[in-house]
Amino acid sequence: MGKNVSERSIDPATRAMLLEADRAGIETAWDRFDKQQPQCGFGILGVCCRNCNMGPCRIDPFGEGADRGVCGATADIIVARNLLRMIAAGAAAHSDHARDAVLAFKKMAEGEAEGYQIKDGAKMNALAAEYGISPEGRSPEEVALELANVLLSEFGKQEGPITFTRRAPAKRQSVWEKAGIDPRGVDREIVECMHRTHIGVDNDPVHLLLHGLRTSISDGWGGSMIATDVQDVLFGTPTPVMSESNLGVLKSDEVNIIVHGHEPILSEMIVAAAEDPEMVALAIEMGAKGISVSGICCTGNEVLMRHGIPTAGNFLQQELAVITGAVEAMVVDVQCIMPALGNLAGCYHTKFISTSPKADFPGTLRMEYHEEKALETAREIVRAAVENYPNRDPGRVNIPREKSGCMVGFSAEAILGALGGTPQPLVDAIVSGSIKGVGAVVGCNNPKVQHDFGHVNLVRELIRNDVLVVTTGCNAIACAKAGLLLPEAAKEAGPGLRPICEALGVPPVLHMGSCVDISRILVLAAALANHLGVDISDLPAAGAAPEWMSEKAVSIGAYVIASGVYTVLGTVPPVLGSPEVTSVLTKGVEGVVGASFAVEPDPFKAAKLMIAKIEEKREGLGLSA
Ligand code: CUV
Ligand code: SF4
């Protein structure tokens with residue numbers, strides 16, 4: 001097989017399992033990636049169009065062949081349209097997840113969702129207040145029902161603004177209004193993306209890109225934010241908690257259940273069902289010492305943040321978890337779940353259980369989840385896993401030893417709480433220069449680059465330079481595995497940041513949650529900006545997605561720059577075939593929203609770019625370098 005394992009990942013547990021895969025003759029995403037080489041040059045540049053059946057059309061990047069499609073679309077138009085469709089898909093994924101969270105919340109309010117309850121009533125009342133709903137003289141369930149209904153109506157809101165966008169500083173809101181990108185409901189924006197990219201509709205790259213920004217804002221400050229907040233009400237707002245990370249969290253003598261995907265709606269119930277004494281007794285009857293639940297990707301992040309459930313790894317480790325031979329059930333919902341898992345699970349005793357009515361895969365056991373009987377379904381799933389334990393072949397079990405401790409659970413509320421309820425101490429530290437600024441590092445893994453290399457090195461460079469890092473998604477998991485989420489990691493921070501972390505007993509890298517929880521970062525940024533009376537684009541902050549791959553990441557990147565935060569991408573988006581789109585995204589858009597993208601695969605150079613931007617913003621605020 002192609003590359004040697006150390007070129008594929010910096011993570012020792014991942015390397016060990018890649019060697020094991022090789023020994024067992026099993027293919028992983030890395031091998032399939034190698035088989036895809038060379039990847040299509042038109043696709044890489046974004047100049048292939050399949051939007052109508054006169055095509056497919058492609059533009060010759062060398063300027064010798066076709067310079068437009070059958071309809072006359074140029075490379076600029078095709079690239080912009082393709083990018084808009086990526087944003088639409090990403091925003092749809094986040095926001096459809098949000099819709100399901102609200103629907104579960106509504107069923108709970110109606111007393112039809114056994115096992116769910118209002119865990120954070122204070123947060124619910126605060127949300128209700130944003131919508132002008134008064135809790136006066138009403139039961140929490142009545143408030144919940146009214147709130148659920150107004151939240152549901154946000155998705156299809158035909159006229160703007162959507163309520164949570166009013167959380168942004170007033171200056172940011174007027175930037176959006178002036179540019180004509182203050183969004184309406186996310187459903188409407190996504191439909192308009194599809195309409196505009198149909199043959200013969202919107203054919204101006206800048207006009208298309210502006211709608212892309214508008215759509216992404218309806219995700220970040222709409223769909224994603226709704227998902228985060230409703231999940232906090234239903235399952236609790238995270239507070240700091242200790243846990244563990246990496247494949248070493250799997251247990252050699254317990255039933256291992258992995259929850260993978262993105263929604264906490266079912267995984268919360270699985271966590272509860274796995275603690276049920278009846279289930280634990282059954283596990284013991286089957287010869288196991290107990291039941292161990294761990295997570296992968298963002299479903300994992302959700303239960304990690306709220307319950308300290310260990311994370312077994314990030315996106316590229318999903319297959320490796322099965323290859324340990326120690327997983328009784330891989331339970332999935334939606335998003336970032338490789339269809340390859342079906343075949344793979346078939347080579348082991350692992351049950352690959354799919355639960356979402358929306359997401360089926362080859363080779364799965366379907367155990368569809370519905371709110372009305374979520375706890376019951378969760379119990380059935382846990383039982384299936386436990387009863388599968390005797391099928392485990394001890395001779396094939398190979399759990400890497402590596403795991404690292406981590407401190408997680410830094411919701412915006414928890415961070416502000418730790419600071420005494422106001423951003424002032426953080427502002428003071430930034431003003432004095434002890435903390436230079438804030439870096440938000442997020443996003444996926446991608447076999448195009450060495451697994452975790454960009455994540456870990458970029459974050460290390462930032463904290464070494466006194467930049468406080470906030471993280472979500474698969475970056476957070478990479479940081480956890482590297483020990484960067486431990487308070488002890490303060491030792492790796494610069495002379496300004498280190499004593500602050502040590503005094504507060506927190507790591508220099510704060511895990512804020514799953515990908516939809518990037519909305520927490522927006523809320524924190526808004527709190528800082530509002531406190532200072534400036535716009536988000538004035539803050540000494542920068543973002544990065546060193547190893548991104550998903551369409552969701554494209555929507556995220558777009559709303560982060562639309563919110564005013566400069567963002568460095570570590571893998572190249574499919575836009576280079578259009579000089580105009582490339583130039584708008586890396587330069588022109590700055591004049592519209594006060595931030596732009598950069599592409600820099602080298603994490604050390606990416607850190608330099610982010611730090612330079614932070615210095616520039618400090619200067620703008622009249623702060624010392
Ligand atoms: Ni939603 S989107 S690979 S799991 S961060 Fe992880 Fe996070 Fe990307 Fe998917
Ligand atoms: Fe070709 Fe235009 Fe049809 Fe795209 S929309 S496939 S460029 S004819």
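From the backbone N, Cα and C atoms, a Cβ is placed for every residue, glycine too.
C40 ([4Fe-4S] cluster 1 binding site) carries neither a helix nor a strand DSSP state and counts as coil. Long-range Cβ proximity for C40 ([4Fe-4S] cluster 1 binding site), meaning a same-chain Cβ under 8 A and a gap of 6 or more residues, is found for C48. The [4Fe-4S] cluster 1 binding site feature in TrEMBL is assigned to C40, C48.
What TrEMBL lists as [4Fe-4S] cluster 2 binding site is C49, C52, C57, C71. With a cut-off of 8 Å between CB atoms and residues at least 6 apart in sequence, the same chain places C52, M54, C57, I199, G200 near C71 ([4Fe-4S] cluster 2 binding site), listed in sequence order.
Taking the Cβ of C336 ([Ni-4Fe-4S] cluster binding site) as centre and 10 Å as the limit, one finds 24 other Cβ atoms among all the protein chains shown. In the three-state DSSP scheme, C336 ([Ni-4Fe-4S] cluster binding site) falls into the coil class. The [Ni-4Fe-4S] cluster binding site annotation in TrEMBL covers H262, C298, C336, C444, C474, C515.
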Between C49 ([4Fe-4S] cluster 2 binding site) and C444 ([Ni-4Fe-4S] cluster binding site): CA-CA distance (Å): 26
Nonlocal neighbours by CB distance (under 8 Å) for C515 ([Ni-4Fe-4S] cluster binding site), same chain, sequence gap 6 or more: H94, S224, H262, C298, V442, T472, G473, K552, A553, I556
Neighbour tally for C48 ([4Fe-4S] cluster 1 binding site), based on other Cβ positions within 10 Å of its Cβ: 21
Output field, [Ni-4Fe-4S] cluster shell: CB within 8 Å of site CB centroid, site H262, C298, C336, C444, C474, C515 dropped: C297, N301, F315, Q335, G473, S514, S550, K552
Additional residues surrounding [4Fe-4S] cluster 2, by Cβ distance to the C49, C52, C57, C71 centre under 8 Å: R50, N51, M54, G55, P56, G69, V70, A73, I78, I199
C474 ([Ni-4Fe-4S] cluster binding site) to C49 ([4Fe-4S] cluster 2 binding site) - Cα separation in whole Å: 31
Distance, C336 ([Ni-4Fe-4S] cluster binding site) to C49 ([4Fe-4S] cluster 2 binding site) (CA atoms, angstrom): 24
